[in-house]
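Per Swiss-Prot, the features are as follows:
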- 51-69: compositional bias 'Basic and acidic residues' (COMPBIAS)
- 28-91: domain 'bZIP' (DOMAIN)
- 2: phosphoserine (MOD_RES)
- 24: phosphoserine (MOD_RES)
- 1-69: region 'Disordered' (REGION)
- 30-55: region 'Basic motif' (REGION)
- 56-84: region 'Leucine-zipper' (REGION)
């Protein structure tokens, strides 16, 4: 039975830098600083992304409310138009100006008086 290389040397090689050369404490410090800097940058990026999503959500809610207000206004205006159309229709039935045979395109001093019965 032959034994392979000891487990410690395999572990040591996986920790070592490329090329299987041991790292100096200076390299280890650089690696730790780089990882910390990367961790902080990733945290900052996630926070920024969350803030952006929150802002978009607030904007969406605001636009939904504005849309709802505008839809209610449209509904009210449609109802007002319907009502005024009915009023106009009723008025047209008895308006003496519409019944008058004179052409109102011509300028007159008092076109209403000329159509009214005397």
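Backbone N, Cα and C define each Cβ position, glycine as well.
Values in this document were obtained by computation on a predicted structure and should not be read as measured data.
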Within the domain 'bZIP' (28-91), residues counted as helix, strand or coil by DSSP:
64 helix, 0 strand, 0 coil
Averaged over the region 'Basic motif' (30-55), what pLDDT does the predicted model reach?
97
